[in-house]
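*Asks:* My questions all concern the structure below.
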Amino acid sequence: MRIVTWNINSLRLRLGLLRHLVDALAPDVLCLQETKVPDALFPDAAPGALGFGHVARRGMKGYNGVAVLSRHPLVVDEAAPDWGGRGDCRHLAASVSLPGGEVLDLHNFYVPAGGDVPDRTVNPKFAHKLDFVDEATAWFRATGPRRRCVLVGDLNIAPLEHDVWSHKQLLGVVSHTPPEVERLNAWRDSGFVDAVRHFVPEDQKLYTWWSYRNRDWKASDRGRRLDHVWVSPDLRPNLGGYRILREARDWDGPSDHVPVAVDIDL
DNA sequence: ATGGTAGCGGAGCTA
């Protein structure tokens, strides 16, 4: 069972790259963020052509948007919260029915980026980000503990020192500030383990995002690990491997994020 | 301290 998460930064603009992704990783379940397409304009024929017979999507005009493309049947959990009551299309919860009759619970998140100034008293976007993570943490605590559950997405926070290219230089930069990191850790500790760091020691650099604003992303390599895969603790023994598809950052017309894959033996 | 690029939608917001 291979689960992939990717902030595609416009589904319609990068439909062609999905073929590259399927060729490279052959996901069973593909979770997308920043689809930037309202449901009425979703390219309905595309997933089937790539072998994904089951689709869940939640999109809006212009911004945000999440989708799940799956080779196995999906049931969307419509009762999951609308975080902040904003109708923001930042979360899809679904159950995946596996061939053996087992069910996997899936959460696909796009956490607010939080703007530029890491001060909630002057930057409402930063306040929104912190509140979003607090609300999610409280909900997962209140409704847990979970089994056979996977949470993925662009969480827009790089928690560890080596999840950014320079811990010192990014301590005051939104995505790596202490209040964000504390909250992300509390959210994870509400009932998950970090599936990628399960395989990679904390003293090794790991990035999933490189800004468009660098002349040469590879040469400067100023990346951050913003995209995550978490699993409930019962699945830890089932973790089979991971892959961060760095090469995707060099695809023609790339997203600024690259796909992250985790294999779970089920 | 600043500016650098990208997507949506058709100016300015968001990232």
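In case you wondered, yes, glycine gets a Cβ from its N, Cα and C as well.
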*Asks:* Going by TrEMBL, A:ASN7, A:ASP154, A:ASN156, A:ASP256, A:HIS257 bind Mg(2+); tell me which of A:GLU34, A:GLU180, A:GLU182, A:GLU202 is listed for that site too.
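*Replies:* TrEMBL lists A:ASN7, A:ASP154, A:ASN156, A:ASP256, A:HIS257 binding Mg(2+), and from A:GLU34, A:GLU180, A:GLU182, A:GLU202 it also lists A:GLU34.
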*Asks:* Give me the count of other Cβ atoms within 10 A of the Cβ belonging to A:HIS257 (Mg(2+) binding site).
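*Replies:* Around the Cβ of A:HIS257 (Mg(2+) binding site), 23 other Cβ atoms lie within 10 Å.
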*Asks:* Judged by the number of other CB atoms within 10 angstroms, which among A:GLU34, A:ASP154, A:ASP227, A:ASP256 is the least packed of the recorded positions?
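*Replies:* Counting other Cβ atoms within 10 Å of each of the recorded positions A:GLU34, A:ASP154, A:ASP227, A:ASP256 gives the minimum at A:ASP256.
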*Asks:* For A:ASN156 (Mg(2+) binding site), what is the tally of other C-beta atoms lying within 10 angstroms of its C-beta?
*Replies:* 25
*Asks:* How big is the gap, in Å, between the Cα of A:ASP154 (Mg(2+) binding site) and that of A:ASP227 (site 'Important for catalytic activity'), rounded to a whole number?
*Replies:* 4
*Asks:* Would you mind sorting out which of A:ASN7, A:GLU34, A:ASN156, A:ASP256, A:HIS257 (the binding-site residues) have a C-alpha within 10 A of the one on A:ASP227 (site 'Important for catalytic activity')?
*Replies:* A:ASN7, A:ASN156, A:HIS257
*Asks:* Which chain neighbours of the Mg(2+) site, leaving out A:ASN7, A:GLU34, A:ASP154, A:ASN156, A:ASP256, A:HIS257, have a Cβ atom within 8 Å of the mean position of the site's Cβ atoms?
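*Replies:* Not counting the recorded site residues, we get A:ASN9, A:GLN33, A:TYR110, A:TRP209, A:LEU226, A:ASP227, A:SER255.
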